[in-house]
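Participant: Pasting in a structure now, in structure tokens, and then I'll have a few things to ask.
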Amino acid sequence: MAPLRLFWIWLLVVGTRGVKDGDMRLADGGSANQGRVEIYYNGQWGTVCENMWDLTDASVVCRALGFQNATEALGGAAFGPGYGPIMLDEVRCTGTEPSLANCSSLGWMRSNCRHDKDASVICTNETRGVYTLDLSGELPAALEQIFESQKGCDLFITVKVREEDEIAMCAHKLILSTNPEAHGLWKEPGSRVTMEVDAECVPVVKDFIRYLYSRRIDVSLSSVKCLHKLASAYQAKQLQSYCGHLFAILIPQDPSFWTPLELYAYALATRDPVLEEICVQFLAWNFGALTQAEAWPSVPPALLQGLLSRTELVVPSELVLLLAVDKWSQERRTSHKEVEALVGQVRFPMMPPQDLFSLQFNLSLYWSHEALFQKKILQALEFHTVPFELLAQYWGLNLTEGTYQPRLYTSPTWSQSVMSSSYNPSRSFQTPQHPSFLFHDSSVSWSFVYLPTLQSCWNYGFSCSSDDPPLLALSKSSYSKSNPTIGYENRALLHCEGSFVVDVIDFKGWKALVPSALATNSSRSTSLFPCPSGVFSRFQVVIRPFYLTNSTDMD
């Protein structure tokens, strides 16, 4: 009967309910049913902007505070301006939400309002007649205490580690039986369970069992892989899904690149294509930084082969890429066949003639693979000196192949950046018209600007809709000489603090809409790898010219 007695003790545990994200209050109204709307988020209170504020939104606030409805939705800081951040802007509720945090909006702290536009409400004096005392917030801690006590158990767990001592702990069947997440651990009738665990995951086993009691767990960069592995092994589907979601959030937190490489190996071992693609995408977008990291020589040949096959590979230049492959092969002592496969993925036509000439002096691989390099250099020099119409006509070259397409080159030749916090987030710059040496005397002038608000669109002379900002604008100077055989597929790189690239976006015409840096209730998409700060630190445009092979000039 001891487990049953402990279970009833757990049900009787009480405590105080703390403030949590999304909680609301009314301030400076003089009475309980009116005031300036304030909402809690990330450890502080803030206000709500009046943009799109209406009676439906106000009623969500009133009902959450125990009143029947709202009678007025006020703007213009009707009860005085507030303090702190403007938490929400352009709130759009359906009326059934428990908090403004659950309504559509621009997202947390993504507003350009001032406090003279703080939203307020007046609620009906009548309350709903129902009052709730909610002490359930203390239940997880109470359940954890029962597990930590290791008393009154009726389920005995043995944790087996390969060729090492076993670890013993115990649990309570009654509590575990209430949680579907625990059913995979305790499948068969009986009082004993054996868990087989890798040595690296032993430190989180106790956390995993504790989670089956409390249904809450802290997941970090160091624990996410093992918790995902345990959740997968014991069918804790919700924890497994949660850890899978966290991979993209946690990977950018490791500047050493060991974590994405480790998770890539784990994805292959568990045949998880989603995790595999997340790791490969992060490494591709941060390839230049990867080549400078201590982990660079540890990149597996198959992974490097896959990375080099990608056009959306972020690197200063193709020469930098080839030199990095050269260094990688020296440190790994790669086989002749593996080197040739990797060199075959290098886009020699994207290197200018002077770089091609320097390879014989700066590349250790050159003389051990001389025939291959001479073939590739000749192919590149033909690209640089022969009009593409003749290449297509006489050699049958397909100039849409990856070999003839630029990657995401971040050197000043093809790229320019603006800081999101800059007072004047705009740049004017020039690039070559095309990578081919045939165009070395022709340049194109560009203007690149970050437009965080509708007002900034108007200030820079752009026509934006209200749904566009924040966005990036890229325009080509009308004075730049046009060539009907050349097109552009330009991209914008979104950098998080620490300069990791967390997303790459396309330009549709002159504009590229900037996604949210963090997941919000906004209808706007979120960057693939979120920024913990909630803002992108830098935007970098990359110019990518290519031949229009179906141009009428070919006829």
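Placed from the backbone N, Cα and C atoms, the Cβ positions cover glycine too.
Relevant sequence annotations retrieved from Swiss-Prot are reproduced here:
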type: DISULFID; residues: Cys49-Cys113; note: disulfide bond
type: DISULFID; residues: Cys62-Cys123; note: disulfide bond
type: DISULFID; residues: Cys93-Cys103; note: disulfide bond
type: DOMAIN; residues: 24-124; note: domain 'SRCR'
type: DOMAIN; residues: 153-221; note: domain 'BTB'
type: DOMAIN; residues: 260-360; note: domain 'BACK'
type: CARBOHYD; residues: Asn69; note: N-linked glycosylation site
type: CARBOHYD; residues: Asn125; note: N-linked glycosylation site
type: CARBOHYD; residues: Asn362; note: N-linked glycosylation site
type: CARBOHYD; residues: Asn398; note: N-linked glycosylation site
type: CARBOHYD; residues: Asn550; note: N-linked glycosylation site
type: SIGNAL; residues: 1-18; note: signal peptide
Participant: Quick one: what's DSSP say for Cys62 (disulfide bond), helix, strand or coil?
Facilitator: helix
Participant: With the cut-off set at 10 Å between Cβ atoms, which of these disulfide-bonded residues ends up with the most neighbours? Options: Cys49, Cys62, Cys103, Cys113.
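Facilitator: That would be Cys62, with the most Cβ atoms nearby.
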Participant: Least buried of the disulfide-bonded residues Cys93, Cys123, going by other Cβ atoms within 10 Å?
Facilitator: Cys93
Participant: Whole-number Å distance between the CA of Cys123 (disulfide bond) and the CA of Asn69 (N-linked glycosylation site)?
Facilitator: 6
Participant: Near Asn69 (N-linked glycosylation site), which of the recorded positions Cys49, Cys62, Cys93, Cys103, Cys113, Asn362 can be found within 10 Å, Cα to Cα?
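Facilitator: Near Asn69 (N-linked glycosylation site) by Cα: Cys62.
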Participant: Express the distance between the Cα positions of Cys62 (disulfide bond) and Asn125 (N-linked glycosylation site) as a whole number of Å.
Facilitator: 10
Participant: Using DSSP and three states only, what is Cys49 (disulfide bond)?
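Facilitator: The three-state answer is strand.
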Participant: Taking Cα atoms as reference points, rank the recorded positions Cys49, Cys93, Cys113, Asn125, Asn398 by distance from Asn362 (N-linked glycosylation site) and give the first.
Facilitator: Asn398
Participant: Can you tell which of the recorded positions Cys49, Cys113, Asn125, Asn398 lies nearest to Cys93 (disulfide bond) in space, using Cα positions?
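Facilitator: The answer is Cys49.
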Participant: Sorted by position, what residues of the same chain at least six away from Asn398 (N-linked glycosylation site) have a C-beta under 8 A from it?
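Facilitator: Same-chain residues close to Asn398 (N-linked glycosylation site) (Cβ under 8 Å, separated by 6 or more) are Ala392.
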Participant: How many helix, strand and coil residues does the domain 'BACK' (260-360) contain under DSSP?
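Facilitator: Its residues fall into 74 helix, 2 strand, 25 coil.
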Participant: Between Asn125 (N-linked glycosylation site) and Cys49 (disulfide bond), what is the CA-CA distance rounded to a whole number of Å?
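Facilitator: A Cα-Cα distance of 24 Å.
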